[in-house]
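Comments concern the structure below.
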Amino acid sequence: MMPFGKISQQLCGVKKLPWSCDSRYFWGWLNAVFNKVDYDRIRDVGPDRAASEWLLRCGAMVRYHGQERWQKDYNHLPTGPLDKYKIQAIDATDSCIMSIGFDHMEGLEHVEKIRLCKCHYIEDDCLLRLSQLENLQKTILEMEIISCGNITDKGIIALRHLRNLKYLLLSDLPGVREKENLVQAFKTALPSLELKLQLK
């Protein structure tokens, strides 16, 4: 068996990267592989199953409609009829989900809550994509975005398109600087929204 150092050294050689960068690039490459959308898989098993596989592969958890328990083990995803398990909530705490994977969410029709906490690969593009998905515009009721350092005002303001959003928690987001503008934009677009800001 080849040691990790040799493998990553070979990967760096292929990409012509300096050895000191190999670990960072290796993990970035691996996370991109985990996030890659397989449209054939979505067609074969349905959007909820394919999205569950993506989320769990990246370290997130899902809870299905009508169930109390969070599903966090990829190897114990439930089997059965494709339309039986519908994702109701997503907890992406400490996960490696990134924008290239967000097309997995396109067919989801029952997601009510999303928690993004310490997601180092989440950027404004992710929130923009999320807010453009018509199904999610209708179903998402609650969102929490905590300690995601790459999120700025641009990404947050896009969430005003989630027209049934009732609760939004924003905490420890150093890239969010225009708090007053955000508050005003959400008051105008979503007057019944409970907006909680824990920002500096």
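Including glycine, each Cβ sits where the backbone N, Cα and C put it.
Record features (Swiss-Prot):
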- 1-61: region 'N-terminal domain' (REGION)
- 1-25: transit peptide (TRANSIT)
- Gly59, Thr93: Mg(2+) binding site (BINDING)
- 62-87: repeat 'LRR 1' (REPEAT)
- 88-116: repeat 'LRR 2' (REPEAT)
- 117-141: repeat 'LRR 3' (REPEAT)
- 142-173: repeat 'LRR 4' (REPEAT)
Problem set entry | Cβ-Cβ neighbours of Thr93 (Mg(2+) binding site) (radius 10 Å) | 15
For this session: Using Cβ-Cβ distances, find the residues under 8 Å from Gly59 (Mg(2+) binding site) that belong to the same chain and are at least 6 apart in sequence, listing them in sequence order.
Result: Ala92, Asp94, Ser95, Cys96
Exercise. Would you list the DSSP helix, strand and coil counts for the residues of the repeat 'LRR 3' (117-141)?
Worked result: 15 helix, 1 strand, 9 coil
